[in-house]
Each structure stands twice: as structure tokens, then as C-alpha cells.
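Copied over from TrEMBL, here are the features:
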TRANSMEM  28-51  transmembrane segment
DOMAIN    43-294  domain 'G-protein coupled receptors family 1 profile'
TRANSMEM  63-84  transmembrane segment
TRANSMEM  104-122  transmembrane segment
TRANSMEM  143-165  transmembrane segment
TRANSMEM  185-207  transmembrane segment
TRANSMEM  214-232  transmembrane segment
TRANSMEM  244-264  transmembrane segment
Amino acid sequence: MTGTNSSIGQAPSFYLSGIPGCEDVQHFISIPFCVFYLIGIVGNCTVLHIIHTDKSLHEPMYYFLAMLSLTDMGMCISTLPTVLRTFWFDAKEIEMNTCEAQMYFIHTFSLMESAVLLAMAFDRYVAICDPLRYSSKLTPQRIVYIGVFIVIRCSTVLPVVLVRIPTFSFCHSPVLSHSFCLHQYVIQLACSDISFNVLYGLFVVAFYWGVDSLGIFLSYALILCSVLHIASRGGKLKALSTCVSHICAVLILYVPMIGLSLVYRFAKHSSPTIHITMADIYLLVPPVLNPVIYSIKTKQIHQGFLGILLSKRIGLAQT
């Protein structure tokens, strides 16, 4: 491979390996990836369209759902170009600048997704624990402030470590065992001192993911306490049913994220297939499943999906 580092020096580019050992069938492997990306992008676009066109959905809960769909689309689009390029055209080389940009968007949108889920947990807390002041607490203006705060909070944290990567010396093979760039795997190829990047990464995990997960946990602890004080069993079930979609969204983000972190920390020398599978699940499953979950569990979104499908069927029948 041209441009491969044979000695210590600056790495002008990296090489994406896709799925090692499956080079002969990578065109077939690309089919499920394309299906997942198609479901993720079309599904989240449909959710955004339903919320935008249905005036009855212009409420805090659905504004936050729109934010979640936008971050899901961001996660999809961040990895889509290199994944398809690797599997379809066997174009595996990626420039340092392009790799850095991809790392920035992947990790930024991941942090945003976690922050949006925290905001959605707060929304459920207010709706269930203080319903009379729900509209006054979560006004459109405050929701805009929350959205802007999430963007600023998550978009400014990564440049601190990413600007250091071009200064590193790389003496290992510049081959990444993924079809996209992730910070924790890129710095493993460096021969320079990466302790700052490692410690800063731990800080981000603790301060961002840790704070968000703690906030979500506390929100649901307070929700549970409030629900237990509801007299009727039907009232309890109705209150909890409004949280099912959000709980599923939290689980499908945090479980793969925790799994990927554990594999990276404690199973560095395990099969590359395990690392690749965990990373793909972490980045693909939330964007694919979130619109599916909300279309099934949320009545208004479900009706919106049915309305779009029925209108298309009627249009086809009339042509």
C-alpha cells in the first residue's frame, strides 16, 4: 500500500480494513449495511416530516424527538461515506484530515444523542411529576435554549484532543480495523505519548456520558416515586407507558456504548471481529431502531407513518 509508514513519522493517511478476512464477500456484506442506513435515514426523515407537518405534535415531547432524529441522522451520515466506499469500491485509504473530521462528527453526534436523551428524561419527569406546570416550564423558547446548549456543550469538547493527533508519530501499521475512524483506535497506532488523549477521553466519558446517565437515572427514580403515589392501577400504567419508548432509546444507546467501552478497555487483544461488531452496533442500531420504536409505541407517530403509507398506496392506485 502506497503511503504506508515504514518508520516513525507523520502518518499522511490511514487505511480502513472494513471486516478483515471478508474481502471476497464485502460486496454482499454491504447489502445489510445499505438496508440499515436506508432504514435509519428514511425512518428519521419520516419522523421529522410527521412532526413538522402535524400541528398537534408541536409540543415539547415531539420537539425533543425531532432533536433525537436529527442526531440519529448525523450519526448515520457521519459513517455512511467511508463504509460504502470501503465495501463498494475497495477505496480504503483515508486522509488524516478526513479521518479527523469523521472522528469529530461521530463522537459529537454520539454525545449529542446522550444529551438529548437526558433532555427527554427531564421532559418525562415534568410531564408526570408536575403536569400542571408542564407547558409553563417547557416553553418553545426554553426548548430552543436547551437545544442550543446541547449543541455548544457537545461540539466544543473534542477539538482539544483531535488537534493533537496530526502531531503524533505513527510507527505501527496505519490500518484501522473498521470502515470508519474512531478516536480510541486511531491513537492506538501512535508511538507518541497519548496519555493526555487517554485521560481526556476518560474525562469526557465521566463528565458527559456519566452525568447524562446519572441525570436519566435520577429522573426515572423521581418518576417512579411519583407513579407509586397514583391511586389507580390504570393511572400508573398510563403514566409508565409514556416512558417506554424513551427507556428503549436509552437502552439501545447505552448498552452498545458500554459494551464497546468494555471491549476496548479489557479485550484489546481479542478478535478484531468483536471490536468491529460492537462499533457497528453502537453506531447503527440507535439510528435504525429509534424511529421504529417511536412509530410503534407512540400513537401519533404511528398514525403519521400509516397516513404516509396509505397516501402513497392511494396515489399508486389512482395512477
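Cβ coordinates come from backbone N, Cα and C, glycine included.
Remember, predicted model here, so these are calculated numbers, not experimental data.
On the 0 to 100 pLDDT scale, the model's mean across the domain 'G-protein coupled receptors family 1 profile' (43-294) is 93.
Remote same-chain partners of the transmembrane segment (143-165), defined as residues 6 or more beyond its termini with a Cβ less than 8 Å from a stretch Cβ, comprise 60, 63-64, 67, 96, 100, 103-104, 107-108, 111-112, 115-116, 119, 183, 186-187, 190, 196-197, 200-201, 204, 208. Three or more CB pairs closer than 8 A are found between the transmembrane segment (244-264) and the transmembrane segment (104-122), so contact between the two stretches is assigned (pairs 6 or more residues apart). By the count of Cβ pairs under 8 Å, the stretch nearest in packing to the transmembrane segment (104-122) among 28-51, 185-207, 214-232 is 214-232. Sequence-distant contacts of the transmembrane segment (185-207), counting only residues of its own chain at least 6 positions beyond either end whose CB sits under 8 Å from a CB of the stretch, comprise 8, 11, 14, 99, 103, 111, 157-158, 160-161, 164-165, 167-174, 176-178, 261, 264, 268, 275. Non-local neighbours of the transmembrane segment (28-51) in the same chain are 18-19, 22, 57-58, 62-63, 65-66, 69-70, 72-73, 76-77, 80, 83-84, 87-88, 284, 287-288, 290-292, 294-295, 300-301, 304-305, 308; each lies 6+ residues outside the stretch with a CB under 8 Å from one of its CB atoms.
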